[in-house]
């Protein structure tokens, strides 16, 4: 509730910013609020549905994918071709071909129209978030703290033997996965134009295919999570991303390979993050601190993994290297998660000692 309220405040203030420093502050507020929302949403889903959180976790992240896919389309519709309404006039230059430049009045009118469109966009989205935040405050006020305390007491003994090692490995796993996802989605347009020599509309369509396959596969995963284990979904995603990234790294200059590889790569990357959180929750307790580390790892991956270096198509090699890294990390995490815990060994030893004492004393369990 607080994170959505902070995001709404930031959205209300952005259209009125006239100073870059104030704009940076408001954008930082929105960034921090969204980070809290990402962490709190995952933990809230796990606390609410527990072992049955798989489909709900997929639905939560499906909403992220739908928003990322629909938002640019809605923004383009909101602009509504305002740029084309203000026709530039031709200005004679020292070249043989006249250069078209907008007049001062045209620039002023364009800024006014764009400002009005963006103002209403920010106000509408901010109002929507404020409305949802209000309902979250109502849910919080009606929540039962006693039920939460009892649930927390029951989960105290559910930590895995290698709890911290699993958290760190999943942190690195999400660092590679989200970094590769965002890097590919951000630079595939540039790659298609610079290296595959596509036209601008074709490159934009390729970018839409990636995010469209990403969102569609997350939607399908809502139903798949009801009948498949999270580990199975992660394994399928890793295999798909490894095969597609290999094709993209070595055959991306062929248009057919680029289109097919981009589609399969987007679909393969879709379910890993929500499935990873659902998977580790089967073996150990995922609290707020652990979930925040996962989100931090994802955010660092977005910031640190490069997509382009001069004239080298780093984006394709990045996809291949990160896929290979996840192939190594997941079996290691699975091995640690399924290792026998110390408490289980201790309980087995105590049970054997108890049986030995009963047999030596000649007493049965009822008499004892």
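The backbone N, Cα and C atoms fix where each Cβ goes, glycine too.
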Listed range which TrEMBL flags as transmembrane segment, given the options 258-279, 280-301, 346-367: 258-279
Where TrEMBL places transmembrane segment among the ranges 96-118, 119-141: 119-141
Listed range which TrEMBL flags as transmembrane segment, given the options 59-79, 206-226: 59-79
